[in-house]
Amino acid sequence: MTRPAPSPLLVLVVLVGALAGGREAALLKAHFYRPSCPAAEAVVRDIVLARVAADPAALPARLLRLFFHDCFVRGCDASLLIDSTAGNTAEKDAAPNGSLGGFDVIDTAKAVLEAVCPGVVSCADIVALAARDAISFQFGRDLWDVQLGRRDGVVSSASEVLSDIPSPSDNFTVLEAKFASKGLDVKDLVILSGTYISSQHH
């Protein structure tokens, strides 16, 4: 039996993983929560797979876009999940994020994990795990180990989304500069942009 070829969305995940970058990346490791919350990855996996099974055509792309949009602003720190306040419009409410979905899946996983291991598992790691699990669904196995140990951000600003997230109106020079600021090159730009556009149609 021939295994399905990796989805183009998998390419997006690999490149988005590079966005964590910097000093934080050196501190991340697979199975980070094994000593402190052994059930963490299984809890997220069970919730995500159940939800994806009910919506396999759309939900994997939604969770992947959520991961991408979070990582492209301030790194993969779940700042995209922070709600706006009277004095601050958060990333979640920026125009480029208006079409994002999958927040409810992350909220459900976080609520269950807080009951199992209060205050241990970061939302940032839940978003990363959810993207992996959603894309892995069609293969029936985890496609890669997620590097874990991220801390949740406490700053979230819609203005940073507008300046950082690539826009359909950006010319090549602007796109190149945005990708370079994340440690990505022109080849990454072409692959990531094409795959990202594909994911938006789901």
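Cβ atoms here come from the backbone N, Cα and C positions, even for glycine.
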Say which of Cys76, Cys117 is recorded by TrEMBL as the disulfide partner for Cys37. Cys117
Selected from Cys76, Cys123: TrEMBL disulphide partner of Cys71: Cys76
Cys76 (disulfide bond) as reference: those recorded positions from Cys37, Arg65, Asp70, Glu91, Cys117 with C-alpha within 10 Å of it: Asp70
Give me the mean pLDDT over the domain 'Plant heme peroxidase family profile' (27-202), rounded to a whole number. 85
By Cα-Cα distance, the member of recorded positions Arg65, His69, Cys71 nearest Glu91 (Ca(2+) binding site): His69
